[in-house]
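The following features are taken from TrEMBL:
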- 23-288: domain 'NADH:quinone oxidoreductase/Mrp antiporter transmembrane' (DOMAIN)
- 290-343: domain 'NADH dehydrogenase subunit 2 C-terminal' (DOMAIN)
- 60-81: transmembrane segment (TRANSMEM)
- 93-115: transmembrane segment (TRANSMEM)
- 151-171: transmembrane segment (TRANSMEM)
- 178-196: transmembrane segment (TRANSMEM)
- 202-219: transmembrane segment (TRANSMEM)
- 240-261: transmembrane segment (TRANSMEM)
- 281-300: transmembrane segment (TRANSMEM)
- 321-343: transmembrane segment (TRANSMEM)
Amino acid sequence: MNPQAKLISTLSLLLGTTITISSNHWMMAWTGLEINTLAILPLISKPHHPRAIEAATKYFLVQAAASTLLLFSCTTNALFTGQWDITQLTHPISCLLLTTAISMKLGLVPFHFWFPEVLQGSPLTTGLLLATAMKFPPITLFLLTSPSLNYTLLTIMAIASAALGGWAGLNQTQIRKILAFSSISHLGWMTIIIIYNPKLTLITFYLYCMMTAAIFLTLKTTKSLKLSSIMAAWTKIPSLNAILMLALLSLAGLPPLTGFLPKWLIIQELTKQEMTSTATIIALLSLLGLFFYLRLAYCATITLPPNSANYMKQWQTNKPVNTLTTTFITLTITLLPLSPMIFSIF
């Protein structure tokens with residue numbers, strides 16, 4: 001891809017995100033989301049492969065439909081209340097439409113169908129952007145409008161996302177699709193607590209982005225895209241592959257790793273709000289996701305590929321691991337003991 005075009009796309013992504021998260025007016029927020037959508041399309045279709053073009057087309061159609069719903073929602077609210085302010089969304093139909101529009105943009109169940117396909121058709125770097133940075137503006141809109149959202153619909157979508165994110169990832173062999181369903185499952189955890197404690201949703205999102213970035217950057221270093229290739233990547237950088245197992249278990253939410261912190265806090269908050277049954281259901285549903293994280297970790301570190309004539313060991317590389325990758329991995333594994341400091345900040 002032309003460096004100038006890549007620079008323009010990256011700057012447009014930053015501009016669109018900044019406009020959306022800093023705006024008070026619905027039209028400005030909508031403009032920022034549209035800039036983001038148009039800026040990511042060249043990055044998705046960069047490989048010039050039919051699957052990449054298909055992913056870009058699917059992404060454009062879904063995001064355009066979600067943006068239309070969002071515009072219709074804020075216009076309806078302005079018609080009945082005369083308010084264009086983001087925090088003044090009070091009309092019930094507008095609240096319902098907004099909840100649906102943001103859920104489509106994030107990829108919550110039942111609007112998740114586009115996300116695994118788009119992530120599978122994108123390069124790893126673009127996939128990282130789609131799974132983390134591109135979800136930040138919609139999450140911000142969710143936070144700003146959290147008092148007005150339709151909570152019944154949100155709770156149903158959150159539990160369904162946690163269930164389907166774990167269930168659909170069980171039989172996948174493509175790592176990007178597994179991480180897509182992992183993202184859907186984590187979005188369920190973020191959404192279920194947003195009405196009661198929006199700050200906790202933000203903490204969960206930040207920690208999820210950090211853990212996902214560590215895994216995507218590790219996969220990019222070892223050039224692993226499916227389970228069979230991750231099984232053969234152990235000869236390349238053995239130490240990085242061993243640490244990848246801990247990063248995957250952290251994303252699964254096992255103590256004493258960083259990923260346990262947001263799940264622990266969310267279950268604690270749900271129990272405080274006398275929603276013990278909801279907390280129990282979503283905790284049990286996370287066990288489905290734990291299975292495919294364990295399978296990934298098993299393939300990355302324990303399983304040796306068959307030593308047949310068709311298999312060739314990869315050369316061990318002497319190239320040092322990127323500093324960003326090591327930083328993210330360190331935080332992914334060791335942040336839980338720093339949780340008192342995180343509480344004091346937030």
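Each Cβ is built from the backbone N, Cα and C atoms, and glycine gets one as well.
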Chain residues outside the transmembrane segment (178-196) and at least six past its termini with a C-beta under 8 angstroms from it: 106-109, 112, 115-116, 119-120, 127, 131, 135, 139, 142-143, 146-147, 149, 151, 154-155, 157-166, 168-169, 172, 204-205, 208, 212, 215-216, 251, 262-263, 266, 269-270, 273, 278, 282, 285-286, 289, 292-293, 296
Contact yes or no, the transmembrane segment (321-343) and the transmembrane segment (93-115), 3+ Cβ pairs under 8 Å, gap 6+: no
Chain residues in Cβ proximity to the transmembrane segment (240-261) (below 8 Å; excluding those fewer than six residues from its ends, i.e. six or more beyond): 182, 207-208, 210-212, 214-215, 218, 221-222, 233-234, 286, 289-290, 293-294, 296-297, 300-301, 321, 325, 329, 331-337, 339, 342
